[in-house]
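The domain 'Myosin motor' annotation in TrEMBL covers 9-695. Positions annotated as ATP binding site by TrEMBL: Gly102, Glu103, Ser104, Gly105, Ala106, Gly107, Lys108, Thr109. Taken from TrEMBL, the feature region 'Actin-binding' applies to 572-594. Sequence annotations record features per position, and here TrEMBL assigns domain 'TH1' to 812-1005.
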Amino acid sequence: MAEQESLEFGKADFVLMDTVSMPEFMANLRLRFEKGRIYTFIGEVVVSVNPYKLLNIYGRDTIEQYKGRELYERPPHLFAIADAAYKAMKRRSKDTCIVISGESGAGKTEASKYIMQYIAAITNPSQRAEIERVKNMLLKSNCVLEAFGNAKTNRNDNSSRFGKYMDINFDFKGDPIGGHINNYLLEKSRVIVQQPGERSFHSFYQLLQGGSEQMLRSLHLQKSLSSYNYIHVGAQLKSSINDAAEFKVVADAMKVIGFQPEEIQTVYKILGAILHLGNLKFVVDGDVPLLESGRLVSIIAELLSTKTDMVEKALLYRTVATGRDVIDKQHTEQEASYGRDAFAKAIYERLFCWIVSRINDIIEVKNSDTTIHGKNTVIGVLDIYGFEIFDNNSFEQFCINYCNEKLQQLFIQLVLKQEQEEYQREGIPWKHIDYFNNQIIVDLVEQQHKGIIAILDDACMNVGKVTDEMFLEALNSKLGKHGHFSSRKLCASDKILEFDRDFRIRHYAGDVVYSVVGFIDKNKDTLFQDFKRLMYNSSNPVLKNMWPEGKLSITEVTKRPLTAATLFKNSMIALVDNLASKEPYYVRCIKPNDKKSPQIFDDERCRHQVEYLGLLENVRVRRAGFAFRQTYEKFLHRYKMISEFTWPNHDLPSDKEAVKKLIKHCGFQDDVAYGKTKIFIRTPQTLFTLEELRAQMLVRIVLFLQKVWRGTLARMRYKRTKAALTIIRYYRRYKVKSYIHEVSRRFHGIKTMRDHGKHVKWPAPPRVLYRFEEALQAIFNRWRASQLIKTIPASDLPQVRAKVAAVEMLKGQRADLGLQRAWEGNYLASKPDTPQTSGTFVPVANELKRKDKYMNVLFSCHVRKVNRFSKVEDRAIFVTDRHLYKMDPTKQYKVMKTIPLYNLTGLSVSNGKDQLVVFHTKDNKDLIVCLFSKQPTHESRIGELVGVLVNHFKSEKRHLQVNVTNPVQCSLHGKKCTVSVETRLNQPQPDFTKNRSGFILSVPGN
């Protein structure tokens, strides 16, 4: 059964109806249509109602839902039947077929397209190029056949006017490798005449609307549809088909399939020739018919690649052989018109058959060897006209309805046979089913010597003038006592029937009145041999191949050709035999209304179709006392959660015993029967109860599974996290060890190296050791520094410490710190710096040492200073570990000012190469000086001054602020001012000048 849908959508399977009756069947069908559920099962048959709108139920997601699933697992759908047929073909290597039936406009053609689309989508998962090519050609063949075989009718904008049966061949892997198409009874009369509101075949309109101007000119055509007699009836009709767009689609499809450019061009020429034939008129000169337009004849001859005079002769004369003599018999106007129309119909029919044959040549399976490639299996898809009842039913409707009688007979026989065989296999008693056996109607039509077709053939073979009325008289005399045949002569009171015109057949689908007018001519399907010879002698090889019988000489005696009805009967018998040899699947299409509306459900219209499709009989056959059957394994798989004895697995000897235990547990043992491999359930209520119990248990099972699964996921996440952390821990340990080992290896023996490992490159540490590396490098640097310091004499250590202090304070802020030279410190006592006055400075220094008790001289140097009165003077500074002295060298280094070092708060220097220094004091009486040296000239001593002072302050655990700026900020007796430094060319020596904000120190530029 189908997967249970909510009851608001009705029963998904008609077999599950409470009572098998027409009112309940129709109510369920209407409810599902109104709820947008256009598909319903009858067991393994799909009933399809045309929705007359696009539904989003055919996409890739839907295909995946049905792929490989059983019929009962998903809601009813075409894809379910297509998949069932495909699985049967692939799993059991059994040929299958899908029979699509229903009347015009019920959706048969669309159903066949979706089935083909599904089969194409689920095959060739490995994307083999050759298989994809075959699939593409099979799909493209549909639109080509639709263009040349479909037409707009009053019931359907894209009505198939021919029957089509397509075999799709599959290899042992289940991939399509080719196919073959059979066509049946093309309605060729539509070429020359159409009923009001209808059109001829799509191909004519597509050519005129979609062909380029150049192409139409070459065919001597114009875009105006009303200009051509054969198609002007439907010229103004609106259609849902875009002819111009479809022309390109069909042309592209023909190229994909493999039609050569010259073949496609020939197709267009034939269509053009038919249109021109329809405009050909005859005029009578006395009793002799003549062609009204010689130009049209020339155009037709050009398009058919033959001679103008031969075309004209074939249209006006008929060549007749009397013994050894051959004469040309002049046509009457009526015969000429008949011959023209017959010629047009025959050309189109030959064109259509050639297209089908050409497609078959391309898609047929080639070089298939079963010993190498395995057995080929087949899925057949039959898309054939449904039962037709028109206001005027003629020969075509007679053939179509006979075809449907044959298919209905096959349908009932196969379904009944399948049911009986299943009951016998399972050991279930078979209950006799009453159903209408339409064999009597089939015999009425096709029986040898007694049937309508045999009587029609006899009438056509009689010598002399035979009329349709004479054929009807023969039917009356031979079939007068048949219960399913009547006419006005046999039933004089039936005024629906016309005398000498109508007869009625009581079909399984209802009574149909046929008019015998045209039966004789349509059955003979006469085409003068002159036309066949004309086409055979065409210089176009494609046209020549379409008319092989044209090579026969006029005097050559040939066997009488079979009539149209006999040919159709033989093809139907062959078709039914072919279908009977396969495992059949059915799609029964229903047309909900005649207005093509998605909202209207015409009860009477649908009831009639349900009756003639035999759907109710199908339900009765399927039920046969039991509404549902399923194998024990699958039944148990679906319902085992209902019973504690079967969930989650049973320990009974077999699945059959487990099913019995489950059914007994539920209390349904009186409503079932047990076969050998299947359980049979009698009433739908039992099945619905089982489904409800299953749905209730599924909620509990889902919750349980969710709980278990969530626990499983949590444990998995915990284990993964724990494992990850362990891995990370060990990995980090490994990386740390690797790093330590690498550092140890690289720095091994650095004590003996001259540079103590300065050149050794540090390895890249793992992220976790970044701070450790910094600390390790600091330790290494301190060790290396200690090693270097050990080599320095004790007397040089103060100078080294001072230089280090200078680097810490000024590195990156001043360019020249004087690190490369020896720092003497006490430059005033140095003879090179003060050759004349050094002798006078030393006694002064000694006196200050005695007086102020200083221990060490830190720095001394000549300076140029500026005071708050802008007075610039040369002085000297003398820095000890206790005081900063300002001295006048011109007065034998007389002390002009003494600043205790504890009163010094900081130094400011510029960022250039100048020697500007500002000593900041607590009392805001800053000292502004510029250092200078006499020997060597312009020696930089700023770094030395800063270094020794900072180092001294550090030794006393005090901080000395050092600022590097330009301009330099300072304070003179509490007044804020700035000292900026400027470089000037031709400046002999540094000098201070006054400006608005303070002072400018001008220094030499060279």
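Positions of Cβ are set from backbone N, Cα and C atoms, glycine also.
Highlighted in sequence order, Asn50, Asn156, Ser159, Gly386, Cys589, Lys591 have their Cβ within 8 Å of the centre of the Cβ atoms of Gly102, Glu103, Ser104, Gly105, Ala106, Gly107, Lys108, Thr109, the residues recorded for ATP, and are not part of that set. Assigned with DSSP, the residues of the region 'Actin-binding' (572-594) fall into helix, strand and coil as follows: 9 helix, 8 strand, 6 coil. Around Gly102 (ATP binding site), the same-chain residues at least 6 positions away in sequence with a Cβ under 8 Å from its Cβ are Ser48, Lys108, Gly386, Arg588, Cys589, Ile590, Lys591, Gln609, Leu613. Other Cβ atoms within 10 Å of the Cβ of Ala106 (ATP binding site) number 25 in total over all chains. Residue density at Lys108 (ATP binding site): 27 other Cβ atoms are found within 10 A of its Cβ, drawing on all protein chains shown. Its own atom aside, the Cβ of Ser104 (ATP binding site) has 21 Cβ atoms within 10 angstroms in the protein chains shown.
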